[in-house]
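The structure appears below as structure tokens.
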Amino acid sequence: MRCAVAGPETRERMERKETVKKAEALVEKAMKGNDASHDAAHVWRVRDLALSLATEEGLSSDPDSMEIVELAALLHDIGDYKYLRDPSEEKAVENFLTEEGVEENKKSTILKIVNGMGFKEEVTGKANTEWFPEFGVVQDADRLDAIGAIGIARCFTFGGSKKRALHDPAILPRTELSKEQYMNKQEQTTINHFHEKLLKLKDMMKTKAGKRRAERRHKFMEEFVKEFYDEWNGSS
């Protein structure tokens, strides 16, 4: 009895699945020890959101686009400046893609997404107008996980890990921020992060699908912030 030989398409699908598995393993290893605001569970949520948004945006008919979306979503927080333990980690994503033999054009696209999707890149309010669909869905997915109920939980988890005060009426939110100022949060409170970043994300979504989903999460967050201040001031 002769064994069936895998055709080129089947072999390619198998190779893609194997690359995804290795990316998942890299996430588990690289993010081990991070607080729960930026752990592997965050990455799995972003991956699921990104693939769902990609489908809504009509990318699911293109396997290459979906591969780019999935790998970029999985790798987007590897080497995050907030958790950098060693300078070599900054090259971890590029090294992984090279070792896995990812095609040069896909590798370049994934790196553009990973290196350009952070809020710090748009903190001055000058949004990147030259974005492409795969970039949009991955960035929107990451930003959706930063708002709503999950976003609130992540915000206070991160603030607690840095021993930040919940709120200090004497410390006002910063209204005009440079990239460098945004990255330096040493004297900020957790609640101010809502004003400096989280409440701005709804209007920074790139895709139609992302904008739709952001509405509900944003509203929930606004209600939370109002209730927070009412309780803090003893009026609720």
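Positions of Cβ are set from backbone N, Cα and C atoms, glycine also.
Sequence annotations record features per position, and here TrEMBL assigns domain 'HD/PDEase' to 35-156. On the 0 to 100 pLDDT scale, the domain 'HD/PDEase' (35-156) averages 91 in the predicted structure.
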**OP:** For the domain 'HD/PDEase' (35-156), jot down how many residues DSSP puts in helix, in strand and in coil.
**Re:** 86 helix, 0 strand, 36 coil
